[in-house]
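Annotated features in Swiss-Prot:
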| type | residues | note |
| --- | --- | --- |
| BINDING | 150, 151, 274, 332 | pyridoxal 5'-phosphate binding site |
| MOD_RES | 300 | N6-(pyridoxal phosphate)lysine |
């Protein structure tokens, strides 16, 4: 029997949620009730699979903690009042910390004036953010298209490249093994994990995947395309593969890819959705090699952990394909005033506080210590690697990685695996993480590995 709509039920549910939003604290009974509600609603109305995925943060069989609020720039508090050091960073969105006061203030001030744009009048913050990004980004990047997520920024980049190269008879994209560019149909065509791709096959035609970091394979793909008349329109890659397991290419790889693109007349699209905004010790990871892309994709941390926003920034030559008809690719909420306010404030904080340099310094210290732990526990840890505050610990197998995440959770440190490489646990904290909290994270990691070693020896 079909369920009939219920306005009364919807009204009661929304009123209950609004009451929760107004609360700053919960008593014990309210906490227990909220936990039960959230788990039940995820199971019945969101996706029960998410509950099983969160096995690593299971406490007492309840599938996981229910977050309540930010504890500080670098911590989260759950409904039970437990405070966690955030070493996951929302998969890289909290570069300037949780509820950074500068970002929150900018959004609140804009909210008091005009939350969303009219679509007809010119909105000043979109113009100012585009100008700011033109000044901030490397090379000749000049024009920005704004959207709401990293996947959308990649979609826009692919469409820009197609619109630019199709009249030139170039239709094929090169992506790389281990890549993650999102899960919408176009972005998924560039993503390289079969688990995400196979249910939606066939994907968009015209994508080739070559081994990441192998410039000879990239060169061969260009040469074969030239010989067969299937010339390459663009290369899309991450300077460091995030979801692939924080995979760093050999030094000079990006430079050589840039040379191939120039030689064969292809565009270079860099997906810095996760590596951008200071994460790796530079504002953009491509700056480590002084490489200048034709199209740059940003999102995640661009909104300061307060508002969702993505950006696709391109050179004037490439972006000009949209000049005659700016409605070829648009989005209703992209570049809205609240999101732009958050992005402008985020950039201001990153520059004023020199957070990219802090990421480099603290990241080097953390990584050295993680590598020492890897040497101490070679039967558990394969390798520790990373750049800046984008780090990973790769374990010997998936189960060992899951166990580490669970042990860290017990010690109130949030970590998680990477989407394309489950045995690799990412360490991706806010760039604002204090020295004291860095030391606590290292202490927790050492305790976690020691506990895991005892379990291994007891078997």
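For all residues, glycine too, the Cβ spot is worked out from N, Cα and C.
Neighbour density around each Cβ, counted as other Cβ atoms within 10 Å, peaks among the binding-site residues 274, 332 at 274. For residue 300 (N6-(pyridoxal phosphate)lysine), the Cβ neighbour count at a 10 Å cut-off comes to 27, with all displayed protein chains included.
Counting Cβ atoms from all protein chains shown, residue 150 (pyridoxal 5'-phosphate binding site) has 28 others lying within 10 Å of its own Cβ. Among the residues the record lists as binding pyridoxal 5'-phosphate, namely 150, 151, 274, 332, the two farthest apart have Cα atoms separated by 24 Å.
Straight-line distance linking the Cα atoms of residue 274 (pyridoxal 5'-phosphate binding site) and residue 300 (N6-(pyridoxal phosphate)lysine), rounded to a whole number, equals 7 Å.
Distance from the CA of residue 150 (pyridoxal 5'-phosphate binding site) to the CA of residue 300 (N6-(pyridoxal phosphate)lysine) is 7 Å. If you draw a 10 Å sphere around the CB of residue 151 (pyridoxal 5'-phosphate binding site), it holds 21 other CB atoms from the protein chains shown.
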